[in-house]
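Quick look at what Swiss-Prot lists:
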type	residues	note
ACT_SITE	246	active site, nucleophile
BINDING	135, 136, 218, 221	[4Fe-4S] cluster binding site
């Protein structure tokens, strides 16, 4: 490729990024004044595929209930990592039955898991941040990429009150890496509002929430929190970094350290 071609490609890419960012900002302004049902209906009515990825947490259940109850044209997907709590797995079927919807499951590739285990061991994520990020990459990031392939809008259950590094979460933001717009319809909902809504609407939730698990991920990487701790304090609790994330919502350099199945011994 010539230098001129590279420059033209860079200019085109920059234009795409600017357009995505402008659309996200315009959407953010529109979503702010709407209620949850209105926010989701607005996204469902846009041109392009909208995908909601649920971890079956309490806020995700609120969104799933709104999608199902209003029969919105939004795909619902979940990442079956292979290390989920039994309670979480059971809730998938219960939620499908309750709202007569399909929750599409996305699984990690066996070859990727084998490569990870060969390099780090089954529970190597306890040994280093690098190994933990690699596990999240294999079990979450790669399946997520398949779930979002071809999507224009990615709906999440992110809330500003979940952790310090989510405190400025907007209703809509450009995800340049994935080439789509991320929608956070519950960004301004507090946990008390979530709990009251769940109780009023009879929304099924994970029983682990009542046992001290406000944030629930994979079983080996989640513990109950102590009184007064932040909502996500039980996630990867053995790590010291306050910005503990799996890489789904906050890109992390080490999340690119995903074992290559072709190099597995």
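Glycine residues also receive a Cβ, built from the backbone N, Cα and C atoms like all the rest.
Shown on the structure are the features that Swiss-Prot records.
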residue	record	Cβ neighbours (10 Å)
135	[4Fe-4S] cluster binding site	29
136	[4Fe-4S] cluster binding site	25
218	[4Fe-4S] cluster binding site	22
221	[4Fe-4S] cluster binding site	22
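Mapped onto three states, the DSSP output places residue 218 ([4Fe-4S] cluster binding site) in strand. In the three-state DSSP scheme, residue 136 ([4Fe-4S] cluster binding site) is classed as helix.
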